[in-house]
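Colleague: Feature list, courtesy of TrEMBL:
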- 28-206: domain 'tRNA(Ile)-lysidine/2-thiocytidine synthase N-terminal' (DOMAIN)
- SER33, GLY34, GLY35, PRO36, ASP37, SER38: ATP binding site (BINDING)
Amino acid sequence: MPDSLGPVTTQSFDLPRLFRHLAQANGVVLAVSGGPDSTALMHLAAAWHLTSRVPLYVATVDHGLRAEAAAETEAVQAAAGGLGLPFHLLRWHGDKPRRAIQEKARDARHDLLFGLAADVGASHVATAHTLDDQAETLLFRLARGSGLRGLCGIRPVSSRNGLMLVRPLLNLRKETLVSLCIGNNWPFLQDPSNVDPRFARARWRRLTPQLAAEGLTPERLGALAERLARAEAALESAADHLARRCAAEASPDQRRFQAADLFAEPDELVLRVIEDALTTLVASTPVRLDRLEALVLVLRDSAARGMPLRRTLHHCTVVLDRHLVLTIQPEGLRKRGATA
């Protein structure tokens, strides 16, 4: 962490530690919008590249939503060229949604960035999410009623289709990166959507000073996300063990469990076992937690009374038979080996 009392320069950072999750990469696509966070990421990565020699590719996504995007893209291209880094312009083509535009734009951006990584043979994509982004994400998800998994916030490292997504700046404050850019005369842009009150994240951002005054600082919220992620990992491990222990013989398009053993365990583990079965069989949107909780409640009650039950959730049928075997399979498949 840089010394906040002195000027912030690239020498203020332990670059090998900052980019430790990229040390084994055979190439990294840097997502650079031109804002202070991604501008700092590009310059810090370029300094790290001098010793690591890991190939870097700068990518900017034009979402086709703002007229200013062309000029912003040119600015990023010029900065990348000054650092001797190859630049790629990625465009989001097609009709744009009228609702949830920021979420849809993020999904499209990830598709384009990972597509470029595959094209150039890079194993990693790096984004410039900061500690401030982490705090906003935690508050945003808390307000939406997220479960523990969602409240872990932004992960430092995640994977997608065999490629890695890394956020090297996740423990740094945005103000530190702004100071870095200003102190080194690195031009950066300001995205007006970051302060647009139509967007929930911008509204949360405006509350940051008041929340910090009450003790909910980005540092404390970031530490909370790390602790919740640690608990999440332990619960996931326990749920995986439970799923294997309770598994009954099933076809590839089914998941079957011995209900007596399954429902002998705490609800949190049961929820995870059933959720994993649902999302493995039908890869679509996440399972709504409130509906999953309601399902587990009636399943547990039926199992305790030895009563068969049939329900649907997440485009799957969930059947508890008279032998207390729980079968989960996609809707429309002929039921095998379970008698309600």
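The count begins at 1 with the first shown residue.
Every residue gets a Cβ built from N, Cα and C, even glycine.
Any TrEMBL annotation is an automated prediction that lacks curation.
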Colleague: If you draw a 10 Å sphere around the Cβ of PRO36 (ATP binding site), how many other Cβ atoms fall inside it, taking every protein chain shown into account?
Modeller: 24
Colleague: Under a criterion of Cβ-Cβ distance under 8 Å and sequence separation of at least 6, what residues of the same chain contact GLY35 (ATP binding site)?
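Modeller: Same-chain residues close to GLY35 (ATP binding site) (Cβ under 8 Å, separated by 6 or more) are ALA128, PHE188, LEU189, GLN190, ASP191, ASN194.
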Colleague: Any same-chain residues 6+ apart from ASP37 (ATP binding site) with CB under 8 Å of its CB? Would you list them in sequence order, or say none?
Modeller: ALA128, HIS129, THR130, LEU169, LYS174, LEU177
Colleague: Which chain neighbours of the ATP site, leaving out SER33, GLY34, GLY35, PRO36, ASP37, SER38, have a Cβ atom within 8 Å of the mean position of the site's Cβ atoms?
Modeller: VAL32, THR39, ALA40, LEU41, ALA128, PHE188, LEU189, ASP191
Colleague: For SER38 (ATP binding site), which residues in the same chain are close in space, meaning a Cβ under 8 Å from its Cβ, but six or more apart along the sequence?
Modeller: LEU30, ALA31, VAL32, THR127, ALA128
Colleague: Taking DSSP as the reference, which of helix, strand or coil describes GLY35 (ATP binding site)?
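Modeller: In the DSSP reduction, GLY35 (ATP binding site) maps to coil.
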